[in-house]
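Trainee: One structure coming up, written as structure tokens, with questions to follow.
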Amino acid sequence: MPRYAQLVMGPAGSGKSTYCSTMVQHCEALNRSVQVVNLDPAAEHFNYPVMADIRELIEVDDVMEDDSLRFGPNGGLVFCMEYFANNFDWLENCLGHVEDDYILFDCPGQIELYTHLPVMKQLVQQLEQWEFRVCGVFLVDSQFMVESFKFISGILAALSAMISLEIPQVNIMTKMDLLSKKAKKEIEKFLDPDMYSLLEDSTGDLRSQKFKKLTKPVCGLVDDYSMVRFLPYDQSDEESMNIVLQHIDFAIQYGEDLEFKEPKEHEEESSSMFDEYFQERQNE
């Protein structure tokens with residue numbers, strides 16, 4: 001039987017560890033067994049039990065304190081991840097060979113691990129050799145994404161990971177529970193956006209002609225091919241968490257031997273997929 005994995009990615013502070021913690025609790029409520037593996041050698045603490053912790057293999061602080069290496073924080077992290085890639089047997093021993101595993105990998109936030117280095121791609125390939133079906137879960141902070149240009153920046157980061165890893169990817173806006181009512185209403189247009197409309201709304205802020213020329217084809221690429229879209233993740237709302245989990249399960253065909261339902265928004269194409277969610281939040 002296949003095994004299943006989520007690679008939980010995103011910038012520092014986007015809520016990766018919180019996502020892992022709340023998703024584990026949500027799955028436990030559904031009587032589903034989910035484990036977490038910490039792959040951030042610079043992590044200080046997290047609010048969930050782990051089945052494996054990369055810090056047992058190597059830690060950033062130890063690398064930075066090594067006088068023969070003399071790495072800073074970023075260099076130390078890269079060294080740790082490259083060392084990890086050369087010691088996948090450690091991870092294999094930690095994971096064991098249990099069928100039907102479902103594991104969340106809490107990954108580091110540095111974008112260069114996905115754009116410039118082969119480490120995460122090598123991890124994906126190794127997991128696939130171990131018969132894992134892997135889905136990327138890319139997180140961005142919804143509070144950061146309420147402005148058009150920041151949203152485009154978040155899209156480029158998500159797109160970089162998607163292209164580099166070549167696996168199904170679900171993109172999520174986290175910390176929806178921290179937004180004001182006004183911000184929640186504003187952010188709905190960013191979940192399944194019309195990129196050309198967003199560009200038109202913000203052209204007055206584009207002072208550089210070169211920047212305008214760059215932004216327009218980027219928006220066109222995303223819009224024409226429907227390459228990036230986002231789901232809202234509100235850890236205080238079970239329905240929001242369930243929608244996210246349904247999309248991920250659908251991407252990796254979790255429980256394909258069971259009767260499976262497609263994510264809810266496919267059932268009613270004529271209406272916005274999150275109209276009900278936002279209406280409930282605005283009425284609170």
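Just so it is clear, glycine is given a Cβ too, placed from its N, Cα and C backbone atoms.
Not measured: the values here are computed from a predicted model.
Copying in the features that Swiss-Prot gives for the protein in this structure:
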| type | residues | note |
| --- | --- | --- |
| BINDING | Gly13, Ser14, Gly15, Lys16, Ser17, Thr18, Thr174, Lys175, Met176, Asp177 | GTP binding site |
| REGION | 261-284 | region 'Disordered' |
| SITE | Asn74 | site 'Stabilizes the phosphate intermediate' |
Trainee: Rank the binding-site residues Gly13, Gly15 by how many other Cβ atoms lie within 10 Å of each Cβ and give me the one with the fewest.
Mentor: Gly13
Trainee: Looking only at C-alpha atoms, tell me how far Gly15 (GTP binding site) is from Asn74 (site 'Stabilizes the phosphate intermediate'), rounded to the nearest Å.
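Mentor: Each residue's Cα considered, Gly15 (GTP binding site) and Asn74 (site 'Stabilizes the phosphate intermediate') end up 20 Å apart.
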Trainee: Could you tell me which of these recorded positions, Ser17, Asn74, has the greatest number of Cβ atoms within 10 Å of its own Cβ?
Mentor: Ser17
Trainee: Across the record's GTP-binding residues Gly13, Ser14, Gly15, Lys16, Ser17, Thr18, Thr174, Lys175, Met176, Asp177, the largest CA-CA distance in angstrom?
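Mentor: Between the outermost Cα atoms of Gly13, Ser14, Gly15, Lys16, Ser17, Thr18, Thr174, Lys175, Met176, Asp177, the distance is 16 Å.
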Trainee: Taking DSSP as the reference, which of helix, strand or coil describes Thr174 (GTP binding site)?
Mentor: strand
Trainee: Counting every protein chain present, what is the number of Cβ atoms, excluding its own, within 10 Å of the Cβ of Thr174 (GTP binding site)?
Mentor: 28
Trainee: Whole-number answer please: how many Å between the C-alpha atoms of Asn74 (site 'Stabilizes the phosphate intermediate') and Gly13 (GTP binding site)?
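Mentor: Per the Cα atoms, Asn74 (site 'Stabilizes the phosphate intermediate') and Gly13 (GTP binding site) stand 16 Å apart.
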Trainee: Please give me the CB contact count at 10 A for Met176 (GTP binding site), counting all chains in the structure.
Mentor: 23
Trainee: So, in DSSP terms, is Gly15 (GTP binding site) helix, strand, or coil?
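Mentor: DSSP assigns Gly15 (GTP binding site) to coil.
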